[in-house]
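Could you have a look at this structure, given as structure tokens, before my questions?
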Amino acid sequence: MERKQIGFELLIFEDANELSQNEQKLLHTAEQARENAYAPYSRFKVGAAVLLENGEVVIGNNQENASYPSGLCAERVAVFQAGAKYPGVAIKAVAISAASQDHVLQMPAAPCGNCRQSIMEYEQKQNAPIVLLLKAEKGPVYKCASMADILPLAFNSAFLSDS
Ligand code: THU
């Protein structure tokens, strides 16, 4: 039997001003995108901003539905839009901003499992890490160096073939 510890380094910035100008800008874009979320059911708005290798930034926000499971998270709206508009262009970073309309969110909301898996698809395809920046309305910024960090032992396309 072998034991293996799997961990990752989470960077916590108490002040967003400690981030680079570009990172601050991306987070700001995610915050702006959050405003246009359609979240009448959960009243929990999320915005995402995807920075691509070509310098373009693509945004998304959560889009809910009266048939709840038909809605989609901000992160997937954003990365799918990026894939649709700029196919094959690598994703450098994704900034995610979350806020509740009912209480002050103090800690960054981490992407849900489905969004992690969806973003992981692009990370695996491009064979280069996607940086994540997470922030709530208040509180610190969390920075992860790659999606693989927060989705260890991920399922990926390698399992689907024998090569
Ligand atoms: N939501 C996101 O947009 N991203 C996540 O990673 C977690 C949750 C949305 C889905 C739903 O519209 C609302 O937040 C409450 O779950």
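The backbone N, Cα and C atoms fix where each Cβ goes, glycine too.
Whatever TrEMBL says is automated annotation, not expert-curated.
Bear in mind that the values here come from a model prediction, so they are computed numbers and not experimental data.
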According to TrEMBL, C112, C115 bind Zn(2+); which one of C73, C144 is annotated to that same site?
C73
By Cβ count within 10 Å, point out the most packed of the binding-site residues listed: A66, C112, C115.
C115
Any idea which of the binding-site residues N62, Q63, N65, S67 has the thinnest Cβ neighbourhood at 10 Å?
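If we count Cβ atoms within 10 Å for the binding-site residues N62, Q63, N65, S67, the smallest count is at S67.
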Among all the protein chains here, how many other CB atoms are within 10 A of the CB of E64 (substrate binding site)?
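Excluding its own Cβ, the number within 10 Å is 19.
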Express the distance between the Cα positions of C112 (Zn(2+) binding site) and Q63 (substrate binding site) as a whole number of Å.
15
